[in-house]
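Peer 1: Below: one structure in structure tokens.
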Amino acid sequence: MISNSNIEHRRMPLSSVHANTWFCVCVMASAMEEFQVIVHTLPAPTSGTYSILRLTLIGSEGSETPPISVNAGANQHHLLPGSACVVRVWSQVALGRVVLVRLRLEARTGFPDLDWHCRGVEVRRLCDRQEEGAGLQHQGAEHFPCCRWLRSVDGDVELRNGDMCLLNSETVQTLKDHRLKDLHTKQQHIRWRTFAEGVPHCVDMTSLKELGPNLSYTRQSPGINLQYLRGFAERAESWSSFTELETMFSHNGSQNTVAKYVQAHWAEDWFFGYQCLNGCNPLMVRQTRLLPPNLSINSDILCPFLPDGSSLEQELERGSIFLLDYEMLEGVPANVINGKQQFLAAPLVLLHLNQEGELKPIAIQLQQAPGPQNPVFLPSDPGPDWLLAKTWVRCSDFQCHQLSSHFLRTHLLGEVCCTATLRQLPEVHPLHQLLMPHIKTTLQINIQARASLLAANGVFDKAVGCGLEALPVLLSRATERLRYRSLCVPDDLADRGIHTLKHCYYAHDALRVWTALHRFVSGWVDVYYLGDQDVEQDSELQSWITEIYTHGFLQLPHSGCPQSFQTKPELSQFVTMVIYCCSALHAAVNFSQVDFDLWMPNCPASMTHPPPQTKGMLTEDEILSILPDVNSTCNLLITLFLLSQPAADYVPLCQYREPVFSSGAPRRLVEKVQAELRAISGEITDRNKKLELPYDYMSPDRIENSVAI
């Protein structure tokens, strides 16, 4: 046994250990094998701790050294930020190869119990050369990266070297056992719970304290000025005039060129169609070859809005007719805001793609069931009627955008994949390391969202047509309609017929970003899976996709979600989908919100009157009385401002800080994808210089690496 009486202390030069070495300790005992161990603390100011660190080396045959105190007893040094503590250990039994380093943090009596951020541990075997004067020689160091916070409540934490591998590649039983132990521990802490019936399950946590320091993060706010949106809380009334609304807008949107463009063009038909392709919800519009059977319209009525001499049937055959269908909103209970009943619609919209490449609405039916009290609105109707019909569609789009395109497809999907990854893929698994930088932050942001935005007195309760009663209904319907193909960009764009549209910049950019990510992921898969058989035989991977299918896609066969993986291409596509949805898709549907919603009539979150049942009875000024009240407008905009700005310290797409990406094949793959993404950013910048309204939400340098807001 090693005791304190065997400890010799000495100060070593800074350069003799590591660039950030602060102190060192030597532990000596009469034994068979001798090791030098260096324990590194992250340089960040709060990374150190008063607590006592105990360390054990574990060999390939299961033998281990007795635990030693690295910074206690006769040793008066501390685990300070940036320090490297050197320990020389003699083992009385043959360890063989050191495969694990066990660390245990214990609170020091009389001192605060602070967490400690360990950067990693280096282990060197010291060889005794028999030649005269040769002395002890260092063998190459074995690195055991940590890069995480350790707490006294964690008990034993075991580190293995940084080499990623599959379970079938493990040749040391001690490491196989550690792998299983790691997953078992995670599964005891990370559990599933039901958020709402028919909705993807979420992590069973309600506070960031439960989440712990390694799964939580601090986001540096970009510094948002909300001064001109506050102070309206008592105004539970309609805007008195468009002039009053413009006054509020000018104080909050004077520097936002996109929002000012939206205000100038929101009522124009071409801009309505533009937003279907490039607005904050580009996921709804699709090409159609058939008229919806519940759209009550005589095709001859639409001829004035089509090219001369053409019929609706001919335009359908050409593929120039597109459809918006908000059927998932039918019958969804509407909210009550400021004591007033709100209303929802479930519109059907036909749009025509003209020869200039503009997509324009040509028919709007505001409810699904045809009938005399559900007229079809046309561009030839009185201006206020047509404008209100389009505004109703924009309100419906807001509900589907927020809960289906945004929350379900990016936030909830990311949380499902993160939870499954923590539970089923050990940290040494190559897909765990690849995915976590893109999905880890979803746990914190979703816990916060469920406790605030989606809770009583949150913004959905106080300002959105789909309030707390409607939330689970609409999310359940969106989940039931979710298809795996719609999450994979090439399939989605082709299925909706928008991949070739000249002015669909979302489609162009999404396909380029997806292609770069897919090449990156495929290269990663090639490194660790030599063939399809390796994919099939990876039991951890199969458990992972089973858990995602069960808790994310709720075992719905029609979703098309894989229930297992048989081939490398299947695996590469799925992993690409996860990374894309949690980075690029989130950028497209989240960071565009203030631009398109700041001018409230363009995208009202609620409507205070039911959909019109007749035509010709409305003036443009009366539209204001149907739109959201002053206080709910400003309440929503405050939230959107807070959620729609990237953090001041955001991590761009495929920029990695984790050690596994810093060398070898992973580094080469990262450098290649980063070069591709830089080229895409440059091409988007060049294109945008020629556009009246630039589209840059999908430029890789503006895409956050994960869902962090």
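Cβ from N, Cα, C; glycine included.
According to TrEMBL, the protein carries these features:
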DOMAIN    33-164  domain 'PLAT'
BINDING   Gly48, Asn71, Asp115  Ca(2+) binding site
SITE      Trp149  site 'Essential for stabilizing binding to COTL1'
DOMAIN    165-709  domain 'Lipoxygenase'
BINDING   His406, His411, His586, Ile709  Fe cation binding site
Peer 1: Helix, strand, coil: count each for the residues of the domain 'PLAT' (33-164), based on DSSP.
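Peer 2: Final tally across the stretch: 3 helix, 69 strand, 60 coil.
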Peer 1: Using Cα coordinates, what distance in whole Å links His406 (Fe cation binding site) and Trp149 (site 'Essential for stabilizing binding to COTL1')?
Peer 2: 31
Peer 1: Other than Gly48, Asn71, Asp115, which residues of the chain come within 8 Å of the Ca(2+) site, judged by Cβ distance to the Cβ centroid of those residues?
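Peer 2: Counting only non-site residues, the set is Thr41, Ser47, Thr49, Tyr50, Ser51, Leu53, His78, Leu79, Leu80, Leu105, Leu114, Trp116, His117.
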Peer 1: Around the C-beta of His406 (Fe cation binding site), how many further C-beta atoms are within 10 angstroms, looking at every protein chain?
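Peer 2: Other Cβ atoms found within 10 Å: 23.
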Peer 1: From the Cα of Trp149 (site 'Essential for stabilizing binding to COTL1') across to the Cα of Ile709 (Fe cation binding site), what is the distance in angstrom?
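Peer 2: Computed Cα spacing between Ile709 (Fe cation binding site) and Trp149 (site 'Essential for stabilizing binding to COTL1') is 23 Å.
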Peer 1: Other than His406, His411, His586, Ile709 themselves, what residues in this chain have Cβ atoms within 8 Å of the centroid of the Fe cation site's Cβ atoms?
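Peer 2: Checked against the 8 Å cutoff, the neighbours are Phe407, Thr410, Ile445, Val589, Asn590, Leu643, Val707.
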Peer 1: Taking 10 A as the limit, how many CB atoms besides its own sit near the CB of Asn71 (Ca(2+) binding site)?
Peer 2: 24
Peer 1: When the Cα of His586 (Fe cation binding site) is compared with the Cα of each of the recorded positions Gly48, Asn71, Asp115, Trp149, which one is closest?
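Peer 2: Checking each of Gly48, Asn71, Asp115, Trp149 against His586 (Fe cation binding site), the shortest Cα distance is to Trp149.
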Peer 1: Rounded to the nearest Å, what's the C-alpha distance separating His411 (Fe cation binding site) and Gly48 (Ca(2+) binding site)? Just drop the number here, would you?
Peer 2: 33
Peer 1: Minimum Cβ neighbour count within 10 Å among the binding-site residues His411, His586: which residue?
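Peer 2: Each of the binding-site residues His411, His586 was scored by Cβ atoms within 10 Å; lowest is His411.
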Peer 1: Averaged over the domain 'PLAT' (33-164), what pLDDT does the prediction give?
Peer 2: 88
Peer 1: In whole Å, note down how far the CA of Trp149 (site 'Essential for stabilizing binding to COTL1') lies from the CA of Asn71 (Ca(2+) binding site).
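Peer 2: So the Cα of Trp149 (site 'Essential for stabilizing binding to COTL1') lies 17 Å away from that of Asn71 (Ca(2+) binding site).
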Peer 1: How long is the line from the C-alpha of Asp115 (Ca(2+) binding site) to the C-alpha of Trp149 (site 'Essential for stabilizing binding to COTL1'), rounded to the nearest angstrom?
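Peer 2: The separation of the Cα atoms works out to 6 Å.
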Peer 1: Whole-number Å distance between the CA of Gly48 (Ca(2+) binding site) and the CA of Trp149 (site 'Essential for stabilizing binding to COTL1')?
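Peer 2: Between the alpha carbons of Gly48 (Ca(2+) binding site) and Trp149 (site 'Essential for stabilizing binding to COTL1') there are 10 Å.
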Peer 1: Around Gly48 (Ca(2+) binding site), how many other CB atoms lie within 10 A of its CB?
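Peer 2: Its Cβ shell of radius 10 Å holds 21 other Cβ atoms.
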Peer 1: Which chain-mates of Trp149 (site 'Essential for stabilizing binding to COTL1') that are at least 6 residues away have a CB under 8 A from its CB, listed by sequence?
Peer 2: Asp115, Trp116, His117, Cys118, Gly212, Pro213, Asn214
